[in-house]
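Asker: Handing you this structure, nothing more for now.
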Amino acid sequence: MTSLLGLAVRLLLFQPTLMFWASQVRQKCHNGTYEISVLMMDNSAYKEPLQNLRDAVEEGLDIVRKRLREAELNVTVNATFIYSDGLIHKSGDCRSSTCEGLDLLREITRDRKMGCVLMGPSCTYSTFQMYLDTELNYPMISAGSFGLSCDYKETLTRILPPARKLMYFLVDFWKVNNAPFKTFSWNSSYVYKNGSEPEDCFWYLNALEAGVSYFSEVLSFKDVLRRSEQFQEILMGRNRKSNVIVMCGTPETFYNVKGDLKVADDTVVILVDLFSNHYFEDDTRAPEYMDNVLVLTLPPEKFIANASVSGRFPSERSDFSLAYLEGTLLFGHMLQTFLENGESVTTPKFARAFRNLTFQGLEGPVTLDDSGDIDNIMCLLYVSLDTRKYKVLMAYDTHKNQTIPVATSPNFIWKNHRLPNDVPGLGPQILMIAVFTLTGIVVVLLLIALLVLRKYRRDHELRQKKWSHIPSENIFPLETNETNHVSLKIDDDRRRDTIQRVRQCKYDKKKVILKDLKHCDGNFSEKQKIELNKLLQSDYYNLTKFYGTVKLDTRIFGVVEYCERGSLREVLNDTISYPDGTFMDWEFKISVLNDIAKGMSYLHSSKIEVHGRLKSTNCVVDSRMVVKITDFGCNSILPPKKDLWTAPEHLRQATISQKGDVYSFSIIAQEIILRKETFYTLSCRDQNEKIFRVENSYGTKPFRPDLFLETADEKELEVYLLVKSCWEEDPEKRPDFKKIESTLAKIFGLFHDQKNESYMDTLIRRLQLYSRNLEHLVEERTQLYKAERDRADHLNFMLLPRLVVKSLKEKGIVEPELYEEVTIYFSDIVGFTTICKYSTPMEVVDMLNDIYKSFDQIVDHHDVYKVETIGDAYVVASGLPMRNGNRHAVDISKMALDILSFMGTFELEHLPGLPVWIRIGVHSGPCAAGVVGIKMPRYCLFGDTVNTASRMESTGLPLRIHMSSSTIAILRRTDCQFLYEVRGETYLKGRGTETTYWLTGMKDQEYNLPTPPTVENQQRLQTEFSDMIVSALQKRQASGVKSRRPTRVASYKKGFLEYMQLNNSDHDSTYF
């Protein structure tokens, strides 16, 4: 006990140092220098001289350097050897090596000797503790660490066969029943383990002894022999229960345990001796005491199994030294792979890459499985009575988990060239055998009859139960007045997603929810039917009622009671409707916890027994603020998933339990107390990381959410302590829900007694607070509604005329209307296709955006309506939808002069010096207008006036305002004195020849109009414009100006907003 306490104190002292590694471990693993940190511990799994191990690593480094040079990678690869000399804790063997390993780690941290990979230790105890406590994404290569506790470690690679591989071989060999030498499947065995075995044998036998191991699960009988006397008694005894004994060691070990006793002919001893090569030497002769022994060992490299294994060449070095060399070559292989791919070797990806691969070892390819453990070919040897040599009986490929029989007619000691059955013979007691056989047959027949009767009664009960299937015609959709409701949470996507997942309907005049039973086709198994019947029988105040199942379309739904206020998670999130000052005070929080505890207490005592999916989203609130548990039962239909509410033991193993429900209750309690996100903690925000840390947290301080105990008063502290007891790491330390229910009742009494008021006083006070909160809520949401209405109106006014919007709001329709006289403006950019030819698409978009934003500002200063933009065409009308007498021609004319004046100053950013010419055409006359379409409606103009205005623009000239005679006639009727010139007769398609005019200005008002180009011939005009573009491009290249896209943010600095970007009137305290 004292030594264990010292070890625990030592580990706690080491923890701060080990956690400091994060900034030190990569000191020698970058900038072309890569080192291996090799732990040289005297207590290794084999008593191999440390110098041999160092020589093996150096030899491996020479091979790695050569391979890197051949790959043309100019890097430096070295090794740092860390010895245990001078350590405070220096152990004598592997079983006390934990502190020695941690001391070495501390020395590496202090001296910054850590390289890219840590090689060693080989002892299971030290390896497991180093992996567990470092908490680093750091690769470890071990020549040993055989125990099951080192299996499936993400950053640990083992170069020698672990106990798991041996266990799988024995299980598969026990199952063999169709080989020439083995016709019986074995189901029993003895295991000899006296505790003084070497490191490898200790862990191999420990794996076979473990009751939860794969080997123990498949055997019907297994017993462990711990003393040589027991071994000898079983070896010779007639009352033994198995003919097979498994032990580990050398032939000498077997002889020392057996002594001079003669072994019975039907005894089979499996001797595990993986790392001895003398069985393959020519001069090796098997002693007679090995006749009943099958030896399991590893053959030399490039060994091909056959009837005789003599004449092979065993390796000059031990398997342990070879493992250090192979580990060095593995590091070189991974380093070369990452460097050739341009990836860093200091990332978690590198630490987890030492698995599921094949690399070139010293004598051939070496394969690692997806857990980072080496795969080998194991051989099972027998003694040939003819030659007294060891021969191969069968081989086993650990990579494929495949047995390969080799011998067809082995000449071993057992009869008929076959291994005996594992069960000893019963002798000539034929009568007794017959009696037992007959009795067994009678018992089996009776059991079959009972089972058939039981099944018939159960099926009859299931048929009589009215659980079954609710006809789809009994499920009715909700009425319109039941589904329509006003909600100001316009952007609440989560509510919309929830409505899509669940369906609200009516069943038996009650509002219900249809829950989708995924992966279910309606053909329920017997187990599922029993679960559904249990759900029907569950009826409690704090549980939602289950009514049955229904099939809609091709999907199966569960019909469940509906609760109006939604899930508890939604209530906690809604701080407006349920503020802390009224509903969510401490009394109410304890009441909510008590409701959950009552529901779970009833559930655990019912036939359902366990929930398995308890979380805040599976706790719903009805209209009376009563919390009810839902989504329970049907675990065979809806298996539980890993999430933040799942207990750590169920994260590690996908099961459910009542204690796991208690843990889930504690996470919900933390949500209720703090009203923050699920599993709230300041140290971590990522959900997947939280689940990982809970699943892999061990020791005295597991990972849990935050509870701010320092700010809690005495009564609140009682609640916190209850929550902490519910999320204990040990499930047995957690209270049950009966205890939780009684504790909450006491705590509620403490809160209530302090205020010296009756329950009625408390109820009246809470109702008054709630009433005031509702008044404030209505006022606030009214303001929010008005602000949103104004935003919608403003958006509509930017899309349609104000009168049209008003008509749509009041009547729902817009009647088309005929206007006797309006003026329409058309303009386009001269040479637009030529400009596009010399510009990128984004430059064209930015050019049009800059021009038309300026046009829009000019339009805002006149009584006109912008109809649309089509490419480079800009269309404006006046006199509609509101008639303005003769002002329509005046406003269009003034607007056209303003636009032409602006174009005289406009310059393209990507084509400096190039003038932008536009043609403007104006015409007046009658037209019809109305809203066309339902989706994206537009206010459109129709009539010959529109076509004529377009013709006026197309027949005009650059930087000219081309006006028809009808427009000039209207201008003459006004008091405004416009200046214009007669152009002469112009041919207009569809109208013939008409007299048209150039608008040149306005008397008593100066316009800075650009000078139109003097070229009259259209062909010469196009040539001149193309020359201007070429000149602008040359100018841009000469000045080094690069085209750039103007940022949209720049428009805000000019005092106006971009398209459709309205001022945001949202409040942080709402979902608006």
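Note: Cβ is positioned from N, Cα and C throughout, glycine not excepted.
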Asker: Scan Asn187, Asn356, Asn542 for the residue that Swiss-Prot records as N-linked glycosylation site.
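Answerer: When Swiss-Prot is consulted, N-linked glycosylation site appears for Asn187.
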Asker: For which of Asn306, Asn1063 does Swiss-Prot record the feature N-linked glycosylation site?
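Answerer: Among Asn306, Asn1063, the residue Swiss-Prot annotates as N-linked glycosylation site is Asn306.
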Asker: According to Swiss-Prot, one residue among Asn31, Asn481, Asn756 carries the annotation N-linked glycosylation site; which one is it?
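Answerer: When Swiss-Prot is consulted, N-linked glycosylation site appears for Asn31.
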Asker: With Swiss-Prot open, pick whichever of Asn194, Asn523 is annotated N-linked glycosylation site.
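Answerer: Record says Asn194.
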Asker: Which candidate in Asn78, Asn573 appears in Swiss-Prot with the annotation N-linked glycosylation site?
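Answerer: My reading of Swiss-Prot gives Asn78.
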Asker: Sort out for me which one of Asn31, Asn74, Asn78, Asn187, Asn401 has the most neighbouring CB atoms within 10 A, since those are the glycosylation sites we care about.
Answerer: Asn187
Asker: Would you mind splitting the domain 'Guanylate cyclase' (823-953) into helix, strand and coil residue counts from DSSP?
Answerer: 52 helix, 41 strand, 38 coil
Asker: Measure from the Cβ of Asn194 (N-linked glycosylation site) and count the other Cβ atoms within 10 Å, all protein chains considered.
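Answerer: The answer is 15 other Cβ atoms.
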Asker: In this predicted model, what is the average pLDDT of the domain 'Guanylate cyclase' (823-953)?
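Answerer: In the predicted model, the domain 'Guanylate cyclase' (823-953) has a mean pLDDT of 87.
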Asker: On a C-alpha basis, identify the one among Asn31, Asn74, Asn78, Asn187, Asn401 that is nearest to Asn194 (N-linked glycosylation site); the candidates are the glycosylation sites.
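Answerer: Ranked by Cα distance from Asn194 (N-linked glycosylation site), first place goes to Asn187.
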Asker: In whole Å, how far is Asn187 (N-linked glycosylation site) from Asn74 (N-linked glycosylation site) when you measure between their Cα atoms?
Answerer: 58
Asker: Taking Cα atoms as reference points, which of the glycosylation sites Asn31, Asn78, Asn187 is nearest to Asn401 (N-linked glycosylation site)?
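Answerer: Closest by Cα distance to Asn401 (N-linked glycosylation site) among the glycosylation sites Asn31, Asn78, Asn187: Asn187.
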